[in-house]
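As annotated by Swiss-Prot, FMN binding site applies to S22, K46, G47, N100, N128, K166, I192, G218, G244, G245, G266, T267, with the evidence given as similarity to another entry. The substrate binding site annotation in Swiss-Prot covers K46, N70, A71, I72, G73, L74, N128, N193, T194. Residues or ranges marked as active site, nucleophile in Swiss-Prot: C131.
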Amino acid sequence: MKPDMTVNLAGLELRNPVMTASGTFGYGREFADYVDLEKIGAFVTKGLSLKPRPGNPTPRIVETPGGMLNAIGLQNVGIEAFIAEKVPFLARVNTPAIVNFFGSTPEEYAELAGRLDEIPQVAGLEVNISCPNVKQGGIVFGTDPACAGQVVAACRRATKKPLIVKLSPNVTDVVVMAQACADAGADALSLINTLTGMAIDLKSRKPVLANITGGLSGPAIKPVALRMVWQVSRAVQVPLIGIGGITSATDALEFILAGASAVQVGTASFITPSASQEIAQGMERWLEEHGVARVSDLVGALEC
């Protein structure tokens, strides 16, 4: 008998625990020719803002040992174009679409959450708190528990949809941040976002990225991500989504053991567009081969 791969994630019924990560899968349609969307649990759109954003100047992507740095700058079409141009595709897909979004003030976050709450094709929301708070001198929401709590509480009041908060690893104590977000009303937490890094061109003596710094993703960050998922899983009661360097079914299952109920596949999709589907299928094979009846039986089953 085939293992049960289904997951209930904060009210979202997923056919399996594999999702795609924001910023690596467009709005879903871009990858539909390469991935059978009905073979993955859910997909997460690239980050959305109230107004369109052109993003950062180039170069804004560079390969690094074991990963990549990106400084895309949250380029996106804005909420109006998203509703007019992207939502019709979501209506044709039988897989939950989760919209990642961000703002520069708690009020902007709340306004976006309210607008997205009105769209039936949007199954859930993922809040990107790795953005500067323009009202408080540019401090990044996701590095201050009070600021993060304000954003999450504002979004919680604006929507009844499942609310996932994406945590930054660029903090002193990720557990404190996780607790603040959970206490403010997050239904689930996804972690980790990218680590801040940079690359230098020795010949020109200049940064490779026009933005100087960028977000590091890929296999290089997996050990950090695993550690943070494990730490947070021991401290909060809400379900977790593990992110960071997942390129195989084995990687994904390690995150499940560490305490994640689901995972997101990001950078791997740039290398192999069908990576998320292949990882989901590989997880099912592993469970079958090892006599595990339900993937949920492995959540937090790490033996320490």
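Even glycines carry a Cβ here, placed using N, Cα and C.
Feature annotations (Swiss-Prot) mapped to structure.
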| residue | record | Cβ neighbours (10 Å) |
| --- | --- | --- |
| S22 | FMN binding site | 26 |
| G47 | FMN binding site | 22 |
| A71 | substrate binding site | 24 |
| G73 | substrate binding site | 15 |
| N128 | FMN binding site | 25 |
| C131 | active site, nucleophile | 22 |
| I192 | FMN binding site | 27 |
| T194 | substrate binding site | 26 |
| G244 | FMN binding site | 32 |
| G266 | FMN binding site | 27 |
Exercise for the section: Can you grab the distance from T194 (substrate binding site) over to S22 (FMN binding site)? Cα atoms, rounded to a whole Å. Expected result: 11
Exercise for the section: Tell me, in order along the sequence, which recorded positions from K46, A71, G73, C131 have their CA within 10 Å of S22 (FMN binding site). Expected result: K46
Practice task
Measuring Cα to Cα, tell me the gap between N128 (FMN binding site) and K46 (substrate binding site) in whole angstrom.
Solution key: 10
Exercise for the section: Indicate whether A71 (substrate binding site) is helix, strand or coil by DSSP. Expected result: coil
Handout entry: Cα-to-Cα gap, G73 (substrate binding site) vs G266 (FMN binding site), nearest whole Å
Key = 17
Problem - Spatial separation of C131 (active site, nucleophile) from G47 (FMN binding site) - C-alpha basis, Å - result: 11
Completion exercise
Rounded Cα distance, in Å, between A71 (substrate binding site) and the residue listed as 'active site, nucleophile' is 13
Fill in the blank from the handout: Among K46, N70, A71, I72, G73, L74, N128, N193, T194, which the record lists as binding substrate, the farthest-apart pair of C-alpha atoms sits at a distance in angstrom of 16
Completion exercise
Integer Å value for the Cα distance linking G266 (FMN binding site) with the residue listed as 'active site, nucleophile' is 19
Practice task
Could you state the whole-number distance in Å separating the C-alpha atoms of I192 (FMN binding site) and the residue listed as 'active site, nucleophile'?
Solution key: 14
Practice task
Using the recorded substrate site (K46, N70, A71, I72, G73, L74, N128, N193, T194) as reference, state which further residues of the same chain have their Cβ within 8 Å of the centre of those residues' Cβ atoms, listed in sequence order.
Solution key: G23, G47, G215
